[in-house]
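Student: What follows is a structure written as structure tokens; I'll ask about it next.
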Amino acid sequence: MAYTNKVAVAVGAAVVFLAVVMNPRWTEAQTYPKLDRLCVMMIPDILEECFTHDRLKPTEDCCNDLKNATMTQVDCLCDNFLESLSFSDLSRTFSAGVLKKCDVSHKYMCQAAKNRGEAKGGRNSTTTCDNSITNTSVGGKNKVATSMSAFGLVAILLFVMF
């Protein structure tokens, strides 16, 4: 076998490792929906009033506030609370029960808001409001897995060489 300089091989392997791990195409910033001031101030109070107390029947204030929010703050309510991961901490059956008892049909409300936004050339959300969490960042998970497998390959090559 030919003589190889172990320092040069180690430096080359380190450069390849850093190029694979630090590739900027694989890192994407997570985007969050933009919140307006009214949404930030109004919606959390409604959610706290309606969903943090384990009642058999929601209060009249809760239902009135929810109905008002579904008419004036549909985008905020759907995008940031009903369809977001922050809302997933609440029991799905409990939250659906509160919305049903308040006679708020959120499944159709969110879909109608999405359709209105697309008709105006606005929102391009691909989520639906069926009380399920839709993850649109699946590609990011695959890129992390690819990066980790590349790291493993480089580590194996280093161990084989030395």
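Heads up, residue numbers simply count up from 1 along the chain you see.
Backbone N, Cα and C atoms are what each Cβ position is placed from, and that goes for glycine too.
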Student: Of the listed cysteines C39, C102, C110, which one does Swiss-Prot record as disulfide-linked to C63?
Tutor: C102
Student: Please work out, from what Swiss-Prot records, which of C39, C62 forms the disulfide with C50.
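Tutor: When Swiss-Prot is consulted, C50 turns out to be bridged to C62.
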Student: Under DSSP, is C102 (disulfide bond) helix, strand or coil?
Tutor: coil
Student: If you count the other Cβ atoms within 10 Å of each Cβ, which of the disulfide-bonded residues C76, C78 comes out on top?
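Tutor: Its Cβ has the most other Cβ atoms within 10 Å: C78.
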Student: Between N68 (N-linked glycosylation site) and C62 (disulfide bond), how far is it from one CA atom to the other, in Å?
Tutor: 10
Student: Which residues in the same chain, at least 6 apart in sequence, have a Cβ under 8 Å from the Cβ of C63 (disulfide bond)?
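Tutor: For C63 (disulfide bond), the qualifying residues are C50, K101, C102, D103, V104.
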Student: Given the disulfide-bonded residues C50, C102, which one is most crowded in terms of C-beta atoms within 10 angstroms?
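Tutor: For the disulfide-bonded residues C50, C102, the Cβ with the most other Cβ atoms within 10 Å is C50.
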